[in-house]
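Below is one structure, written out as structure tokens, with a few remarks after it.
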């Protein structure tokens, strides 16, 4: 029945986030236990296993194998979405940390674009080839496995966590070339002393201590605003939205969204170190709010004015552009900038869980809400975006170029 079909469709989309929710709590543990590079190597097994389940879906109950494969792949993504930014931030020069942190988001949107292109009917998006399309991510995991063997371990992990001074120096020389590593070693020593003097904070302490309360609220709200902005509704159901907008070839419009998404993620790499985190975040939220209202007007008046389909299309593209300017990349690395060594692992785990939980809610509920609200579904997201903008304006501090002490002082004020 249509009801059961919608349920399976929504579940296959959203169960991916369930895996992410579960595994996000283990990022800090596995990263410290195995090291950053070895941990990324090991978790690739989950990606390969999940994609094998989806690739073999035609040989069993297809819907169950797809749902199981998506769940296992979600476990992998929950781990990698924590390990990758952690590794990148630790190997990056301080001046480039924000820009290089944005490359994580660039890799994600590039993958989305490639999958959209390969999903065209005349390539892999047809009745015969779709299992190959769903299983192809396993090839990317195999490629990553061999490329990771060429990557040096994080010098910060080697020095601060393991106390291996010489190995940390060798790692720095591989990363930086022939420059003198002693300056960064001195910074790591200072960081190590601060970490030793600051006790590791548990998740429970993170919520019960007034010292961290404001920073935790900010960390959670930037994650909630990223997911409840409506962007995943666009990504998951964009072809359906374009069909409602009266577009003749909606799949090509969806690929256009992927291209715009990728291009403006590249632009945000250069913007984030120039304009600052807070200003880009605010600009992105306000732009998305205006775009959501324009999208609603376009979809609502489509039956009266045919040209409103163009208004809806432009609004969707602008919505994606403004997302990639700020609310897309910034939540992934601003949490690490809000907390010092002691509370940082717990804060990253909680923020990751929050992000994946919101992702699941949107993926599971959007289709039902869209069926119920019709063209007015984005009014809900517009209202939420207004709330997120006001919160960010009054509560989110600028973290660019600031120490943890300076950020803490802002919260105290």
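Each Cβ is built from the backbone N, Cα and C atoms, and glycine gets one as well.
TrEMBL does not curate its annotations; it predicts them automatically.
Owing to the predicted nature of the structure, the values given are computational and were not obtained by experimental measurement.
Pulled from TrEMBL, these are the features on record:
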- 1-400: domain 'Major facilitator superfamily (MFS) profile' (DOMAIN)
- 6-27: transmembrane segment (TRANSMEM)
- 39-57: transmembrane segment (TRANSMEM)
- 63-88: transmembrane segment (TRANSMEM)
- 100-118: transmembrane segment (TRANSMEM)
- 130-151: transmembrane segment (TRANSMEM)
- 215-239: transmembrane segment (TRANSMEM)
- 251-272: transmembrane segment (TRANSMEM)
- 279-301: transmembrane segment (TRANSMEM)
- 307-325: transmembrane segment (TRANSMEM)
- 346-370: transmembrane segment (TRANSMEM)
- 376-394: transmembrane segment (TRANSMEM)
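Count of Cβ pairs under 8 Å against the transmembrane segment (251-272): among 39-57, 100-118, 130-151, 307-325, the largest is for 100-118.
Sequence-distant contacts of the transmembrane segment (215-239) (same chain, at least 6 residues past either end, Cβ-Cβ under 8 Å): 13, 112, 206-207, 250-251, 253-254, 257, 281, 285, 288, 292, 316, 319-320, 323, 327-328, 330-331, 334-335, 338-339, 343, 347, 350-352, 354-355, 358-359, 361-363, 366-367, 370, 377-378, 381, 384-385, 388, 391-392, 395-397, 407-408, 411. Of the Cβ pairs linking the transmembrane segment (100-118) with the transmembrane segment (39-57) and spaced 6 or more residues apart, fewer than 3 are under 8 Å, so the two regions do not touch.
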